[in-house]
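Here's the structure, in structure tokens; my notes come after.
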Amino acid sequence: MYLLLMSVFVGAILQRVSGIGFAMVVAPFTIIAIGPAQGVVLVQICGVTSAICVMTQVFKNVHWTTYLLLLPASAIGILVGTYLVSLFPSAEAEIVSAVIMLFMLALSVLAGRLREYQRDVRSLAVAGGLAGAMTVLAGVGGVALTSLKQATRWDQVSFVATLQPYLITLSTGTVVARVVASPDAWPVLSGLVWLGILAVMIIGMILGSKLACVMSARHAAQLTLLLSLVGAVSALFDGMSKL
């Protein structure tokens, strides 16, 4: 469980500094620690808590129209992802989750090098659909929104603010869909572990607030990508070893 707690701690720090990064860092290590089904659900539960904390500080900058336009396609993506996840046994599901993480990480890097796209209904629908499906499958749907930000040159302040209520909604929907489809997906953890997760999240957010004064969002995002890459590759090899 030390791997789980450490990843939550680092994810909370990066979430506070850059507004993103929690699921990207935590998901692969959580999947290794407790399996793909429970791992994805736990990441979403923690992600909701983290997003609520960040949202209290950026609420005034939320672009509510964009948030609402993302929801319909995201709901469809969640349903599609829930169906697809039922097709894979545990080891295969871990491998699929890891491959999806690697794909989404590559997409987030390449998106900034593409020509600029308009942030319109079509681009929001594509990003929302991908985010919904990827969150259910691998717990990293926020990466789709990061790619949207880079491709449309979305302002950082508005993006981070709008992402928080969206992640709260997306993660809540994912937890409900996963648990309804398979009650075993709810994380089986002791009360002490739950308290430990809450404690490291709070400490991480406090430390992140301090680091935000000295670490730029750009550097935090680069560190997030590096840790996410290490985690995704580790999850891939862990899943392959279980075949």
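Every residue, even glycine, has its Cβ placed from backbone N, Cα and C.
Copied over from TrEMBL:
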type	residues	note
TRANSMEM	29-55	transmembrane segment
TRANSMEM	67-89	transmembrane segment
TRANSMEM	95-112	transmembrane segment
TRANSMEM	124-145	transmembrane segment
TRANSMEM	157-181	transmembrane segment
TRANSMEM	188-207	transmembrane segment
TRANSMEM	219-237	transmembrane segment
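Remark: the transmembrane segment (219-237) contacts the transmembrane segment (95-112), by the rule of 3 or more CB pairs under 8 A. Tertiary proximity for the transmembrane segment (188-207) is limited to same-chain residues at least six positions away from its ends with a CB under 8 Å from its CB atoms, namely 1, 4-6, 8-13, 15-16, 34, 38, 42, 46, 49-50, 53. In terms of C-beta pairs under 8 Å, the stretch of 95-112, 124-145, 157-181 lying closest in packing to the transmembrane segment (67-89) is 124-145.
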